[in-house]
Amino acid sequence: MDYFDETYPEDIRDFLNSLLKKATEWARAASTAQIITSYIGCFLNIFHIFILFRKELRSQATNILIIGIAISDFVFLLYYVDGGAWDLLKGGVPTECIPPDSLIRLIWTWVVFILKDALRRVSSWLGVFLALIRLVVTMINQGRYTIMEFKMGWKPDERWVTLYCWASNTLTFSCTMFPPNTTYPWFERVQNPILDNYHFKISQKFLLIDGFLKITPPVFYPFLAVGLILQLMKARDGRRILMRKEDEHEMLHITRLIICMTIAYFLAETPVGISYFCQSVLMGDSYGPLFLVNYITIILNTFLVIHSSIHCIFCFFLSSEYRKTIGSLFGCNTRQNGVGSSRNLSTSS
């Protein structure tokens, strides 16, 4: 089927149709990879959250930001786990033998989708906030300053969750029985009738604003990463004469952790943000470009799923206290070397 209109030259149209066909196949493969990765990622994030809530690691306020990121990652992956489990249950069953979704199932799917979309944004902004705090700390860390108290650590998490849950549910839907008064109901989401006359304009503007908001956090990551790298180089060259050896070691390792997380956020979030923005711009055009960008977005979402699954790996390899906590959990005593280790995964306060 030709999804591209005749405004395109024939050779370009043939190329785009071929690319669309390939993108469809890649998107299916990417969806399978996302489901498999999400199962692994959910397991890792449950263990990651458990470790972060240990007494040894939860005593610092900014560590709460990393806990917020871990919880956001888990809920984001839960959406793919839920979809994969449902597909697995329906696998091999003839279509005519599969009952329609119940009202409870539909509401559950709706809630999980809202939380998945909202907490993906929360994770992005918490990453920005975490890198920003680390940058400020490295710039003034010649003394001992309190940047954030423990009680304040949860406030950014709560505010971002509230804001983005509202943003993700702006276009209000409701559940209705279809067809009406049937003895075997089929529930589906329907558009709020108040918005019917303005549905296209509202959807177009919403997607445009949504795309802009999704592309905003990645803009900050390069600047924060460069700033952190410059501060790291300055610390290594100057050796922070006023700092103790263990404080210097702590600062370097924590900064490396935040730099790695910041770069990973940039690589995972930027392509998806650009793709969503392009999708909002192309809305209303012919179906071909919109389908192509949609399939590309599905493929790029694989990087988000992988990224949401590996934060615990960053913490394990770049935080000695994180490794020590895991070791103590399994009864392994770690030998204390001459360099002090930090309880704070993100920053010293």
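Backbone N, Cα and C atoms are what each Cβ position is placed from, and that goes for glycine too.
Checking the ranges 101-119, 215-233 against TrEMBL, the transmembrane segment annotation falls on 215-233. Taking residue pairs at least 6 apart in sequence, the transmembrane segment (26-52) and the transmembrane segment (292-318) share three or more C-beta contacts under 8 angstroms.
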